[in-house]
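Everything on this sheet refers to the single structure shown next.
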Amino acid sequence: MAAAVAPRKCMGLECENNAGTLQCPTCLKMGTDSFFCSQDCFKRSWSEHKAVHKKSNFLTNLFPPKVVSEPDPVTGKYNPFPSYQFTGSLRPVYPLSAPRTIPSSIPHPDYAKDGFPRSEQKFVGRHNVTILNKEEQEGMRKVCRLAREVLDIAAREIKPSVTTDYLDEIVHKACIERKSYPSPLNYMHFPKSVCTSINETICHGIPDQRPLEDGDIINIDVTLYHNGFHGDLNETYYVGEKALSNPDTVRVVETSRECLEKSIELVKPGMLFREPGNVIEKHAKSRNCSVVKSYCGHGINQLFHCAPNVPHYGKNKAVGAAKPGMCFTIEPMINLGSHRDRTWPDDWTSTTVDGSLSAQFEHTLLVTEDGVEILTARLPDSPGGPVPMPTAEKGSEN
Ligand code: MF3
Ligand code: CO
Ligand code: CO
């Protein structure tokens with residue numbers, strides 16, 4: 001026989017109803033119970049109720065909690081860094097979704113467990129670039145083709161109102177369907193399966209609950225680990241029609257796309273790894289754009305990041321020359337304003353210091369006997385792609 005339990009009362013102001021399963025998200029986080037009968041009642045009682053969150057004891061005075069904004073009473077969403085001076089108008093929208101997992105039947109890279117890519121750190125010789133044999137090159141071709149498929153699937157979902165967390169779910173599932181591990185997941189403790197970088201974000205944006213807006217640009221950076229090899233690519237996309245009608249937006253995105261194309265034209269045996277930066281910076285400057293220096297292209301193979309280092313800025317001192325069988329990325333990040341970057345307190349999201357737009361494109365490349373193979377090349381039906389630079393008249397149109 002079931003014991004008679006008094007039904008739980010709603011905490012709402014002067015509310016006589018029984019409570020449902022709805023709880024205050026702040027109380028939940030603080031580990032206290034507070035049930036309400038409805039969103040309406042919760043909203044009505046908010047100005048009184050929030051006082052209970054402030055109830056502090058000596059411990060919270062000694063160890064002040066990290067400052068977090070109040071969750072919106074209706075949606076439960078909040079800015080985790082309300083006192084951080086953001087450089088632009090983009091804000092993180094938390095909570096992040098629950099961690100996603102990969103079936104253990106899919107091979108995981110070494111860092112999947114504890115976040116530390118040990119194989120990358122102990123790799124012999126900082127400037128030793130691996131030359132892949134024919135079978136390993138096939139492994140790179142395969143993972144890069146799969147990575148392109150996954151990027152294209154995610155990019156087809158882009159439209160105003162879609163959240164970057166939804167794009168993360170799409171990428172995560174598409175990786176599993178391809179028996180691949182999403183390389184970003186837990187790499188140096190990165191919390192999600194893909195990087196999504198909006199507007200002033202240079203790179204390494206964490207997928208969250210912010211809906212895309214008409215006029216945004218978004219970079220999706222996908223890396224897969226399949227059969228022992230990593231394949232890495234990214235593209236920047238326009239969100240809605242508004243983005244396409246802004247001449248500055250088109251200028252930074254198309255300049256970044258062209259910088260990657262022009263630098264790939266150089267790649268063949270004998271190319272010095274310091275050369276792409278000269279071509280990239282020259283083109284960026286011709287469009288009155290700047291080149292980010294803090295992040296570089298990188299070797300990629302059985303390791304996510306390894307030698308060579310490939311800077312995107314001019315007059316750099318990168319070591320080494322391309323040889324057949326080497327794999328590396330080029331991934332220029334181009335800004336409308338300052339080249340300088342600033343990282344959010346999440347320790348990942350890199351933004352422009354002045355809040356200006358930033359755009360990036362990335363390919364994984366294989367050096368061949370007489371040139372280069374773009375392993376992550378676009379397919380005939382890939383979404384996105386170049387748009388014409390706005391002419392002077394178009395720019396003044398509304
Ligand atoms: N894909 C990025 C690159 O192009 C690296 C992302 S690392 C992560 O090198 F941890 F942020 F995912
Ligand atoms: Co990448
Ligand atoms: Co990369």
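Note: Cβ is positioned from N, Cα and C throughout, glycine not excepted.
According to TrEMBL, the features are:
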- 7-60: domain 'C6H2-type' (DOMAIN)
- HIS204, HIS305: protein binding site (BINDING)
- ASP221, ASP232, GLU362: Zn(2+) 3 binding site (BINDING)
- ASP232, HIS298, GLU331, GLU362: Zn(2+) 4 binding site (BINDING)
- 377-398: region 'Disordered' (REGION)
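Everything TrEMBL records as a feature, shown here on the structure.
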| residue | record | contacts (Cβ under 8 Å, 6+ apart) |
| --- | --- | --- |
| HIS204 | protein binding site | PHE190, CYS195, SER197, TRP348, THR349, SER350 |
| ASP221 | Zn(2+) 3 binding site | PRO184, VAL194, CYS195, THR196, SER197, CYS203, ASP232, LEU233, ASN234, GLN360, GLU362 |
| HIS298 | Zn(2+) 4 binding site | HIS305, CYS306, PRO308, ASN309, VAL310, PHE328, THR329 |
| GLU331 | Zn(2+) 4 binding site | ASP232, ASN234, LEU260, TYR295, GLY297, HIS312, GLN360, PHE361, GLU362, HIS363 |
Worksheet item: HIS204, ASP221, ASP232, HIS305, GLU331: which of these binding-site residues put a Cβ within less than 6 Å of any ligand 3 atom?
Response: ASP232, GLU331
Item to complete: Please check each of the binding-site residues HIS204, ASP232, HIS298, HIS305, GLU362 and report the ones with a CB atom less than 6 Å from an atom of ligand 2, ordered along the sequence.
Response: ASP232, GLU362
Worksheet item: Taking the center of the Cβ atoms of ASP221, ASP232, GLU362 at the recorded Zn(2+) 3 site, which other residues in this chain have a Cβ no more than 8 Å from that point?
Response: CYS195, VAL222, THR223, LEU233, ASN234, THR329, GLU331, THR364
Worksheet item: For the Zn(2+) 4 site given as ASP232, HIS298, GLU331, GLU362, which other residues of the same chain have their Cβ within 8 Å of the site's Cβ centre?
Response: ASP221, LEU233, ASN234, GLY297, ILE300, THR329, ILE330, HIS363, THR364
Discussion item. So, three-state DSSP: helix, strand or coil for GLU362 (Zn(2+) 3 binding site)?
Written reply: strand
Worksheet item: So which one is it: of the binding-site residues ASP232, GLU362, which has the fewest other Cβ atoms within 10 Å?
Response: GLU362
